[in-house]
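S.K.: Dropping a structure here in C-alpha cells format, bear with me for questions.
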Amino acid sequence: MSHPEFLPIQWKSTHLSLLDQRALPGKKEFLEIHTVEDTIVAIREMAIRGAPAIAITGVFGLTLGAKSKSGKTNSEEVDTLIKQVFESRPTAVNLSFALKEAKKRIEGKTDWESIQKIWESFALEMMVEDLKANQTLGENGVSLFPKDQSEFHIITHCNTGALATAGHGTALGVIRSLRDHGKKVVVYADETRPFLQGSRLTAFELMEDGIECYIISDGMSGWLMNHKKIDAVLVGCDRVAANGDTANKIGTYNLAIVAQEHNVPFYVCGTKDSFDLNLKTGDEIPIEMRKESEVTQFDFLKTSEGKYLLPEGKTAPIGARALNPSFDITKAKFIKNFITEFGCFVPGEISSRLKKV
Ligand code: MRU
C-alpha cells in the first residue's frame, strides 16, 4: 500500500540533499550538502538522525569526500577520511558497521574516482536494503499482535520512522504494517526530551500518514498504563549488546521499567546492523554526551549561525493533540522480544539468530 512518506536523504549525483529535521515540524527545509565536512556537521547537529539514516548519510559523506579528491590515494588517506565520519556520533553501531563495509569494498583500489563510484553505489544499495529490511521487520512485528483484535494502543519513544531510516521505519514500521493490515492503531508518542523527536518528528510523521497519535510527555507513560489498556511499547535501538542490553534514546529505560510493572509487552525493533556481538553487555556501549544547552534551552531550534528555525517556538505540528495529566505515581522491570527482519526472538536467542543471518 502506498502512503505519504518522507525522503529525508536524497542523493542528487553531484551532492546530498537532507531534510533538516531541526526545522520540523515547522518547515520542510532541505540542506544541500556538497562536502564531507558539511555531512559531518549535519550528523553531529542532528539535522539528520536515527541510527540507519546516520549510517546511510555517513557513506554518502565518504562519497563526497572521495569526490573532492583526484588521482591516486593510499590507505592512510582513506583511513583519515573514514575516521572523520566515524567520529560524528558514537552510540549507534550502524555507522561503524557501514564504514567497515565501505572500507572492505574498496580493498585494492588506489584511485579516488573508483573509490567514489564504489561508495556511491554502496550508499544507494544501503537505502534499498534498509527499506526492504524495515518492511519485513514490520510484517514480522504484526505476527506478535492478536489477529482477532482490531484496535491497538501503542506507546513509542523517540522517532523510528521514515525520517530515521530509508523508509517505513522500525518501531513505526510495525505500526505502519499493522495499519496496512487494516488494524486501527492509536499511538502515544513520548515527546522525548530534550530533542523532542517524539513530538516534533513522530507526531508529524503519523499525522501525515493519518495514524491517530497523542503526544505525551516522557513522564506520563506510568499514568497512561494505569488508566488505559496499552497493548505494547515499541521502541527502536541504536546498539544491542550480545546479552540483549539495548542502547536507545534517553528515557527508553524508564519506559521499559514502567511497562514491566504494568505487564505491557516491551518490544525493541531493529535491523541486523543494530546488533553488536563484539560487546558482551550494555556497559560497553559508548554513550554520547551532548551539549548541556540542549537540556536548558530548545537549542535545536536554531542553526549554528544562531538563526531560530521554528516560529514562535512551536514544537508540535499545528492541530496535534496532546494529553496532559499533571501527576502520576511511579512504580518499579524489561524486553519481551526483539523484532527484526530475521524474525522475533527473546534476548537469549540473539547470538544464535544472528549467526544464521
Ligand atoms: O539521537 P537520535 O534521534 O539519532 O536517536 C534515535 C533513536 O534513538 C532511535 O530510536 C534509533 O536510532 C533507531 S531509529 C530506527
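Just so you know, the numbers here start at 1 and follow the chain as drawn.
Just so you know, glycine gets a Cβ as well, placed from its N, Cα and C.
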S.K.: Out of Gln197, Gln297, which does TrEMBL tie to the same substrate site as Arg49, Gly50, Ala51, Arg89, Asn248, Lys249?
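M.R.: Candidate in the recorded substrate site: Gln197.
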S.K.: So which binding-site residues out of Gly50, Arg89, Asn248 are up against ligand 1, CB under 6 A?
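M.R.: Close enough to ligand 1 are Gly50, Asn248.
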S.K.: What does the structure give for the C-alpha distance between Asn248 (substrate binding site) and Cys158 (site 'Transition state stabilizer')? Integer Å is fine.
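M.R.: With distance taken Cα to Cα, Cys158 (site 'Transition state stabilizer') is 9 Å from Asn248 (substrate binding site).
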S.K.: Which residues, in sequence order, are found in the same chain with Cβ within 8 Å of the centroid defined by the Cβ atoms of Arg49, Gly50, Ala51, Arg89, Gln197, Asn248, Lys249 at the substrate site, excluding those residues themselves?
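M.R.: Apart from Arg49, Gly50, Ala51, Arg89, Gln197, Asn248, Lys249, the close residues are Ile54, Ala92, Cys158, Asn159, Ala164, Gly236, Asp238.
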S.K.: Spatial neighbours of Asp238 (active site, proton donor) among the binding-site residues Gly50, Ala51, Arg89, Lys249, defined as Cα within 10 A: which are they?
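M.R.: Qualifying among Gly50, Ala51, Arg89, Lys249: Gly50, Ala51, Lys249.
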